[in-house]
Amino acid sequence: MLPDLPLEPVLEIIGVFVSGLSGALAAVRKQFDVFGVLVLAWAAGLGGGMLRDVFLGAVPPVGISDWRLIATAVAAGVVMYFFHPSLVRARRAIVVLDSGALALFTVVGTVKGLEYGAAPVAAVFVGVFTGVGGGVLRDLLTGEVPVVLHHRQLYAIPSLLGAVAIAGLWAADAYTTATSLLVVGGIFALRVLSLRFHLHAPGPWRGRAGWHGEHT
């Protein structure tokens, strides 16, 4: 978790709620029933944290042990289930907020890995999976290719850069509340700017034709 940051529990709850909304929205668009909506909200909101805890051996993971976070994810599903006609129109806002959740969860996951004594490279790995894990579970459960695996959006790259920054700050004994928030802001900004300007990673190399999908 984010040490010496009193707002960290509140920020984590906000992240779970926003990620839960994204999962519930995906379920609504696939016309899932109420159970499916709640399951997707839970998976998206808590999936990254559960992967993190399993990797670190911190069991039982938060997704089945922290009633506050579970209730937050379920609440997001309930909100989307009843108010989805208006919330669907606000999808862009939810995507922006989800970018904030990606940033926060990446930092939280990396720090927890370092606190558990993981090597910096391993902590970076844990941080990235914490950041993207909920989205991966959401996409898999709705039959979609996880956004992290294709080149149309920058999703894992902002998370990876942020996790590396946190590990570097930690190794240099420069990790503070202020620097952690700067990294959160940097991940968020890169993700949002990539959406705004249609930036993406190059696709498979196609010889003389260049990178597949390189048109921005």
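Here the Cβ of each residue, glycine as well, is placed from N, Cα and C on the backbone.
If you check TrEMBL, you get these features:
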type	residues	note
DOMAIN	10-84	domain 'Glycine transporter'
DOMAIN	96-170	domain 'Glycine transporter'
TRANSMEM	6-28	transmembrane segment
TRANSMEM	35-55	transmembrane segment
TRANSMEM	67-83	transmembrane segment
TRANSMEM	95-114	transmembrane segment
TRANSMEM	120-141	transmembrane segment
TRANSMEM	153-172	transmembrane segment
TRANSMEM	178-199	transmembrane segment
Among 6-28, 67-83, 178-199, stretch most in contact with the transmembrane segment (35-55) (C-beta, under 8 angstroms): 6-28
Contact set, same chain, for the transmembrane segment (178-199): CB under 8 Å, 6 or more residues outside the stretch: 2, 5, 95-96, 99-100, 102-104, 106-107, 111, 131, 153-155, 157-159, 161-162, 165-166, 169, 216
The domain 'Glycine transporter' (96-170), counted residue by residue under DSSP: helix, strand, coil: 60 helix, 0 strand, 15 coil
Secondary structure content of the domain 'Glycine transporter' (10-84), with strand meaning DSSP E or B: 65 helix, 0 strand, 10 coil
